[in-house]
Amino acid sequence: MLHIGTHGFLWLAALSLIQNVEFCSSAEIPDVPSIATYFGTKTRYEEVKPNLLRDPLTVNTSVLRPPPGDFCTPFHVTAIIRHGSRFPTIKNIRRIHRLSELLQNEASRTSESSTGWLDELRNRWEPWYTEDMDGQLVRKGREDLQFLAQRLATLLPSLLSEENVRKRRIHFVTSSKHRCVSSVEAFQEGLQQHWGCHDSAQGYNHEVDDELMRFFERCRGYVEGVENNHTALLEVEKFKHGEEMQAVRRRLAEKLGLSLHLLTPDLVEAAFFICSYELSIKSIHSPWCFLFDESDAKVLEYSFDLKQFWKRSHGHLISSLSSCPLFHHIFRTLDKAGRPRRSTEAGPEPASVLVGHAETLIPLISLLGLYKDQTLPTASNYHSQHGRSFRTSRIIPYAANLLFVLYDCQRGPRLQLLINETPLRFPNFQTEDAPLYRDVRAAYRYLLDGCDFNTECERKPEGRGPNTEL
């Protein structure tokens, strides 16, 4: 049970008021900041799929692409999903309050204070975030997962069917974090809404498995070699104090009337995050958004991507190898679903839905060899990285999802990969949307036969330098 805390009832009352004004009707398109597509892992799903702003249930069934003429039928899907939109964590809530205090107490009162949005920041905007909110799923986050469930049920009606929902033939797994548990419950609510099976007695059906969904906490090689190793993120620190970020700092300090030394890089990020939170939580165009133009946003997005690349992705090999348990679980599930059966045996499990974090998906996506750019992003090559494929704003927004769709075909089972409901080809199969499953398995044989979690994660972190095999 969630512990509400000393101020919990006050927070719940405030939350109720906030959420009553969070959303426009589906027919209305709210004013969206021009920088909304650069928020990294704090990006709304709608920035990746803008058609959902008009109709959150719109589905493009043509994304399912088994080869024509092979008479294929989808018979299993494994979905790895990030939780929906959430409140800031305590760390960012404290930064937001610090920034607000600075603005109230330290900002110079120049003639620029007559500017509408700046006047609103100084005199009318209140930091309504409280520490009780710490990373909790918001109402918009529940809708993220409810709508996703309904779209996937439309896309794969035979798998996420009413019968499979009623008979609990769909396997649900989640991390223990409250935002993930709430998200998996919201997904199940979405399926029930789609099929009209509102059975309150049915309740929720999920398994909590942190070893699977929060593997990064258990991998000693990762924790010691990257998470707690200051040199592992050297490129990130260099960029935060480099020319591009310093230029953003100077512009922001001038606009706010603050001394440059008071406005740290962390507080610049906090101002940018307020814009993202106001949009993802309340669907409003916050006055904080006017502090940044597109060039500023691109610099901040690159800073976020550097952090994710060097901390969770291709930057250090152990970061992706830490996801071996999840990788093996996915392929065991696919193997089990695809193996031949006697006519008297029960059919395969139609769907497996696993809900975790950005930190769950990024290492897995990296282990699969996806979004590998030819040149590593560093603190010194920002201007040559504008066309990079590793953009977390596009890959890992709230409610990001990785779908493995297994088809029953004449020539044998085939596997298609989708990310955020969009087809994505496996690295070794750039001419096929749904290659034969046995071929995909053969391409990943080195990981299926190796990639042992204990072996990889219990090695001494010494010698685990940057992954240059790109």
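Every residue, even glycine, has its Cβ placed from backbone N, Cα and C.
Fair warning: this is a prediction, and the values are worked out from it, not measured in the lab.
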- [ ] Name the residue from C289, C324, C409 that TrEMBL records as disulfide-bonded to C72.
- [x] C409
Task: All-chain count of other Cβ atoms within 10 Å of C409 (disulfide bond) - done: 19
Open item on the list: Radius 10 Å, atoms counted are CB only; among the disulfide-bonded residues C72, C275, which position scores highest?
Closed with: C275
Open item on the list: Give me the count of other Cβ atoms within 10 A of the Cβ belonging to C289 (disulfide bond).
Closed with: 23
Task: Inter-residue Cα distance where the pair is C275 (disulfide bond) and C72 (disulfide bond), in Å - done: 45
TODO: Round to the nearest Å and give the CA-to-CA distance linking C275 (disulfide bond) with C409 (disulfide bond).
DONE: 48
TODO: Calculate the distance in Å between the alpha carbons (Cα) of C289 (disulfide bond) and C409 (disulfide bond), and round it to a whole number.
DONE: 50
